[in-house]
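Listed in Swiss-Prot for this protein:
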- 1-143: topological domain 'Cytoplasmic' (TOPO_DOM)
- 144-164: transmembrane segment (TRANSMEM)
- 165-172: topological domain 'Extracellular' (TOPO_DOM)
- 173-193: transmembrane segment (TRANSMEM)
- 194-381: topological domain 'Cytoplasmic' (TOPO_DOM)
- 382-402: transmembrane segment (TRANSMEM)
- 403-407: topological domain 'Extracellular' (TOPO_DOM)
- 408-427: transmembrane segment (TRANSMEM)
- 428-938: topological domain 'Cytoplasmic' (TOPO_DOM)
- 467-469, Glu590, Phe632, Lys637, Lys656, 685-686, 765-767, Arg847, Lys853, 876-877: ATP binding site (BINDING)
- Asp467, Thr469, Asp873, Asp877: Mg(2+) binding site (BINDING)
- Asp467: active site, 4-aspartylphosphate intermediate (ACT_SITE)
- 508-535: region 'Disordered' (REGION)
- 508-519: compositional bias 'Polar residues' (COMPBIAS)
- 939-959: transmembrane segment (TRANSMEM)
- 962-982: transmembrane segment (TRANSMEM)
- 983-1011: topological domain 'Cytoplasmic' (TOPO_DOM)
- 1012-1032: transmembrane segment (TRANSMEM)
- 1033-1040: topological domain 'Extracellular' (TOPO_DOM)
- 1041-1061: transmembrane segment (TRANSMEM)
- 1062-1065: topological domain 'Cytoplasmic' (TOPO_DOM)
- 1066-1086: transmembrane segment (TRANSMEM)
- 1087-1105: topological domain 'Extracellular' (TOPO_DOM)
- 1106-1128: transmembrane segment (TRANSMEM)
- 1129-1146: topological domain 'Cytoplasmic' (TOPO_DOM)
Amino acid sequence: MADQIPLYPVRSAGAAASHRRAAYYSSAGPGPGADRRGRYQLEDESAHLDEMPLMMSEEGFENDESDYHTLPRARITRRKRGLEWFVCGGWKFLCTSCCDWLINVCQRKKELKARTVWLGCPEKCEEKHPRNSIKNQKYNVFTFIPGVLYEQFKFFLNLYFLVVSCSQFVPALKIGYLYTYWAPLGFVLAVTIAREAIDEFRRFQRDKEMNSQLYSKLTVRGKVQVKSSDIQVGDLIIVEKNQRIPSDMVFLRTSEKAGSCFIRTDQLDGETDWKLKVAVSCTQRLPALGDLFSISAYVYAQKPQLDIHSFEGTFTREDSDPPIHESLSIENTLWASTIVASGTVIGVVIYTGKETRSVMNTSNPNNKVGLLDLELNQLTKALFLALVVLSVVMVTLQGFAGPWYRNLFRFLLLFSYIIPISLRVNLDMGKAAYGWMIMKDENIPGTVVRTSTIPEELGRLVYLLTDKTGTLTQNEMVFKRLHLGTVSYGTDTMDEIQSHVLNSYLQVHSQPSGHNPSSAPLRRSQSSTPKVKKSVSSRIHEAVKAIALCHNVTPVYEARAGITGETEFAEADQDFSDENRTYQASSPDEVALVRWTESVGLTLVSRDLASMQLKTPSGQVLTYCILQMFPFTSESKRMGIIVRDESTAEITFYMKGADVAMSTIVQYNDWLEEECGNMAREGLRTLVVAKRTLTEEQYQDFESRYSQAKLSIHDRALKVAAVVESLEREMELLCLTGVEDQLQADVRPTLEMLRNAGIKIWMLTGDKLETATCIAKSSHLVSRTQDIHVFRPVTSRGEAHLELNAFRRKHDCALVISGDSLEVCLRYYEHELVELACQCPAVVCCRCSPTQKAHIVTLLRQHTRKRTCAIGDGGNDVSMIQAADCGIGIEGKEGKQASLAADFSITQFRHIGRLLMVHGRNSYKRSAALGQFVMHRGLIISTMQAVFSSVFYFASVPLYQGFLMVGYATIYTMFPVFSLVLDQDVKPEMAILYPELYKDLTKGRSLSFKTFLIWVLISIYQGGILMYGALLLFEDEFVHVVAISFTALILTELLMVALTIRTWHWLMVVAEFLSLGCYVASLAFLNEYFGIGRVSFGAFLDVAFITTVTFLWKVSAITVVSCLPLYVLKYLKRKLSPPSYSKLSS
């Protein structure tokens, strides 16, 4: 301990130090640490601070550079917060008291309440409920134009151009034709309005289609057709197979004999697995549909809420004696936007419209703004400052003669092209082109660009945060190991298990029908077989049976209809053929376990709400009654089932779950923890399986308490959990299972490529530490020669203090930390932990919750100011994906929720390499070149205007008017400039082969103040050469200076585009010649625009003049002088200091 460098200097722990600490913490108030304590719900550790005095006086930090200087930071933060409370407290009080009333009056948001819904009687509803209409439109007929204009003019630049355009209606400020300013602005607005109108019309059509869908409504007089938008709370709605459920309903009846049905929820939660739903038993037992109106029944439903995975309610039938009460849970609900997958269902509507779960969970994601857009915005502000400075300089040199303020405003108008209005249009069109290229890339099929505004972010990433299961791995589970405590079975010894199972059930089959199958192996122990072998055989039999029974898997059988060719689902007891059977479950782990029991001889052939059937190797079908089912939850991390063997009437409670949840439930053993660690180090996902045999009296007592808890309206979940926990005691440990999730194709080379590109990779997973570490090594996220620092579990501030010090002394090692330790460290040492973790080549966070994943992303963005990317495939990754600067979703076996919420969607992890190295890199470099060239285009013409005005005694007279100004940024130069989106410095194959090229992009050298200043100097040089050249060489033909300078300007811009291009595309050549042709053709039609001061001088362009040799060689000379030096400088730079890509492209 003596050689450790403490995070805070440790001094004597005397009474004075304790007093200072107490004073410090008492005065600190509810600072940031208090906020974090509330967020993470951790216990206060202040009582233990005497063990390790962490915060001392400021003197303790002197001359100790190794210590973190968080005490001054804490004091500054405390003082700032105190000042904020003093200044803002009164203001907030006034605003709250004065504005709350106004807000309440304006909004009057309806309070959501619990409700009582009578079956088939909408008129009995006590309150008015929203219409069941879907409305995704942003505007209506009256708000469309004002809304779109507001969205555009809330940005400073657009508002600036509007003010400039409106100024031309003032005669004293008018400096040209109105359309010179209104045409570009109108074009931008027209494009935006057209795009919004198309999107709005598509939304309107989709809404109309959904709201007009017809459903059968059950009434006293029979079935009637009703539109989805006309459905009300209390209606009884019939939904056919493959039909969308129109509103949130309670499941009353189904045509399926089992009283249950399957629904698809991929449009609600993104999960592709079917969900089993159960009808209310009271209404399912009714003989006919019409009997629903002959009973007096109602549903009590909780108030509408966001959580799609929970529901609390009751079903009550009043006309029976005594009244029937049934508890309702999530399995009795049919949420809107889900699809009925089997049978026909009847439900009573409980929530409609904006109160449905699907609508309440629909929110507009935060609009992500790319770093390049922010950088261009800063440069635009610099241009605006240059505009103001230049105008002031011109007025100053004019001597403030006359109405100088009017001249100042006129100069602002003359030089307004310094800020290019076409910049945003060009960049938006470029982003659309990049998205199209990404989706058309045959090397990454299935890639979808869902956010077209940030493709350049793919080229600036520094941190990549990835999920493990389904992202780095295939999410295809294969059963690999079964451990019984004394013996372990792997893939090469599975035939032994199959032999044990076969012998066990053959022995059972030879016994009388009343024989207990579970005791068969024990009775065999009386034979001549050694005792150990019989014991192992018995344990194998019990373990396999437990795995085959404890799950939520349902076998589904498909049969081909002869005439229609449609697929229908038959009853399971009609056909047990293996080739027709598929399994449906909420988790691929469940399916893997059931498939394994099938491979060793015990097959799940049928399952409904009340029973489950298993087929033994001898062909005998065993039936088990399902008494209770306890589904898996992320909080409990386990699931259980109580079954009764019909042949023996034996009641057994089976349970399986994660080792952390099961270790305190099972009986004492000395092997579980060790073997879980061993399997995890092999990269296996482990599950602990246990059982407990119940007597009839024990079960009846439990069932009564459980039913009572399920009928509770308040704190139902807590009461139910407490009852279930009463059974989870001293359970018999049966086995430990290991399932392997194999790596996706090309994960290793992809991760290596990303590391070589300078991207730091963090793996955030909910799996256990050993498994996460093993996957990190096998995927080469952490190289085998690299040290790994496993952050030991910490629960207090002092432990976190010591562990951070230990970690701080290590260099170039990967960090592995658990979610619990992460919470503690972030509570006390947020900045320090992030600072240290960012220095690691790789970080693995295990046992992470979805909230923690998103918080880690947010911390990285705030502390590093670097661009982050999150990639995942499941619903638990959505918050992380949305929190990152760039979110990538993978369409995997866990569904499409992550893919739909992401900015980019891919089908395999290996596609991220090409997405970043090729498309991300090209998008950033192209947009950087395009943005700077568009600004250059405005700067050069403004420079020429400044020279022109200075020559004419600083007069605020426009050099170019009318169509020349409109055409300059459109038909004359738009196509060549926009063709820069096709440019590339290296071939895609070279960019992938040398990912080090990507590392240069993170420095932002393609678009920086340095490159911006270079383009400013180029613009000033070229603008001055063009204008002074035109004035000097054409002294005798001075009236033609507009035509001369403008022609040289267009040629210069075309040559500059050619000079900027690094790889020619045939469309670039077409764009160059097309623009040149348009300009030459316009000379014959726009001759009135080519005279200087047409009204004053009366000069027009002589067509014969531009065909003379003198005109041509002088224009050519001016153009060459403006471009040749730049080409020479570029050539010398590439020879003397070549960029990295030039060595590969040569």
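Cβ atoms here come from the backbone N, Cα and C positions, even for glycine.
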Other CB atoms, at most 10 A from the CB of Asp873 (Mg(2+) binding site): 32
Within the topological domain 'Cytoplasmic' (983-1011), residues counted as helix, strand or coil by DSSP: 17 helix, 0 strand, 12 coil
Asp873 (Mg(2+) binding site) and Phe632 (ATP binding site), Cα-Cα, nearest whole angstrom: 20
Residue distribution over DSSP helix, strand and coil in the topological domain 'Extracellular' (165-172): 7 helix, 0 strand, 1 coil
Contact between the transmembrane segment (1012-1032) and the transmembrane segment (962-982) (at least 3 Cβ pairs under 8 Å, separation 6+): no
Winner by Cβ pairs under 8 Å against the transmembrane segment (962-982), considering only 144-164, 173-193, 382-402, 408-427, 1106-1128: 173-193
Close approaches to the topological domain 'Cytoplasmic' (1062-1065) from elsewhere in its chain (Cβ under 8 angstroms; 6 or more beyond its ends): 979, 982-985, 1145
Other parts of the chain folded back onto the topological domain 'Cytoplasmic' (983-1011), taken as Cβ under 8 Å at six or more residues beyond its ends: 371-372, 375-376, 379, 382, 459-462, 753-754, 756-759, 866-867, 913-914, 916-918, 920-922, 924-929, 931-932, 1060-1063, 1065, 1068, 1139-1142, 1144-1145
Pairwise CA distance, Thr686 (ATP binding site) versus Asp873 (Mg(2+) binding site), rounded so that it is a whole Å: 21
Same-chain residue ranges lying at least 6 outside the topological domain 'Extracellular' (165-172) that approach it to Cβ under 8 Å: 178, 180-182, 185, 406, 409, 413
The topological domain 'Cytoplasmic' (1062-1065): DSSP-derived helix, strand, coil residue counts: 0 helix, 0 strand, 4 coil
Residue with minimal Cβ packing [other Cβ atoms within 10 Å] among the binding-site residues Thr469, Thr686, Asn876: Asn876
